[in-house]
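Have a look at this one.
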């Protein structure tokens, strides 16, 4: 991938902020990672357990769950850009984005517990309660996650340090996912003492407290170094038009959509696969819990190692090539998993480890693509709209969650899955295997193809950031706008 002609990106000597001010300490990288770990505790519980909880614990039909996920996640996704616009315009002495972590930490934890609470209601009442609590959970997740993700675009301008922070982020977030995968089913059994409804509620209470602690830690250890310079009186539609005119942001948004689909679809199918195909639902005691926890944990351990090694490989290979080839490996691994009988544990476990390993390895690159797209947007238009840029990508992520969650629910119903039945039909069995393997593989294949349209390779970004550093050091005088773009900030060769 050649990127844009190098003549459009003037190199300068003034290509950095003050080195001391711009460099991230290890403590700040850890603190930044803690923010995603707080989000990941709930996100992991949703992707790993919530579909199963609704169908097998709370007694809602799979089809109804599918419709609910589609409706609530689409509604939640719609508000993402609004939160991004609001975050960009937030002015406090702590910055634009960090205060949101404190403001909504406790409400986020409380609603997480309520989502896994099972009041004694009739069928319709259960569904209404699930709609309300799940919608609120996703809203509070949005209030925290959009400013948090935007924070990753303003903590430094150093490309390698930013990628390093993303690597820390996904390593720590994966460790939080490990906590969820290892601890959830055991805590459910220990707290519930046979009452799984109580067990899930108590488990989420523990997770909620941990999430609050992590968000507070993130707030106090991070710093915003780049000021988006958004005028609170600026017409929001101008920002939206600037965002939509960013061709690289559009590509990253589509990449985010299909990446989200792959992860959510596989995560939602995992517990069904382990419960009904690997061991059978009749093994519901300690041995069954151990097997299911071990299977889920295998993938999460893979994600931790993958995130840790992402930075290592990024120093030796081109990020874009890594992203492309990792997705191809995920396609192949998923197809092999589909062909292997679920009872071949000695083969299934390593394959599931590899899927987690590869999926998480490319996450730092994907999120760095988002930050790069925001830089490119500023370079192209002269306006930095970090919050809107990241919230737009989270809109795509939520939309991917909505479609994947709905597909899982609809597919389970269509394939004839019967909750709690010790035996499932061959069609239901094939459907569960496909949701775990082939469905995500199709998304990874699309991601592999989409990389051909992403132009912001390492060389191009070095040139863009050098140009931005020059502009920040020598602010241009206000000039008359031409089609919404400051002519002094128009890329060379683009006028």
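Cβ atoms here come from the backbone N, Cα and C positions, even for glycine.
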Match it up for me: which of 372-393, 394-415 does TrEMBL list as transmembrane segment?
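Checking TrEMBL against the ranges 372-393, 394-415, the transmembrane segment one is 394-415.
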Would you mind telling me which of 21-41, 294-314 TrEMBL tags as transmembrane segment?
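Here TrEMBL associates transmembrane segment with the stretch 294-314.
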Which of these ranges is annotated transmembrane segment in TrEMBL: 167-188, 343-364?
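My reading of TrEMBL: the transmembrane segment range is 167-188.
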In TrEMBL, which of 227-250, 251-274 is tagged transmembrane segment?
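That would be 251-274, the stretch labelled transmembrane segment in TrEMBL.
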With the transmembrane segment (131-155) as the reference, find which of 57-79, 251-274, 321-338, 427-451 contributes the most Cβ pairs under 8 Å.
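Ranked by Cβ pairs under 8 Å, first place goes to 57-79.
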Can you work out which residues elsewhere in the same chain, 6+ from the ends of the transmembrane segment (394-415), have a Cβ less than 8 Å from its Cβ atoms?
51, 55, 61-70, 72-74, 76-78, 80-81, 84, 138, 142, 145-146, 149, 253-254, 256-265, 268-269, 272, 425, 427-428, 430-432, 434-435, 439
Does the transmembrane segment (200-220) come near the transmembrane segment (100-119), with 3+ Cβ pairs under 8 Å (pairs 6 or more apart)?
yes
Six or more residues beyond either end and a Cβ under 8 Å away: which residues meet both conditions relative to the transmembrane segment (321-338)?
262, 313-314, 348, 351-352, 354-355, 358-359, 361-362, 365-366, 369, 433-434, 436-438, 440-441, 444-445, 447-448, 451
Would you kindly check 57-79, 100-119, 167-188, 251-274, 427-451 and say which stretch has the most C-beta pairs under 8 angstroms to the transmembrane segment (294-314)?
167-188
What else in the chain is close to the transmembrane segment (100-119), if you only count residues 6 or more beyond its ends and a Cβ gap under 8 Å?
35, 38, 42, 45, 50, 53, 57-58, 87, 90, 125-126, 129, 133-134, 136-137, 140-141, 143-144, 146-148, 197, 200-201, 203-205, 207-209, 211-212, 215-216, 218-219
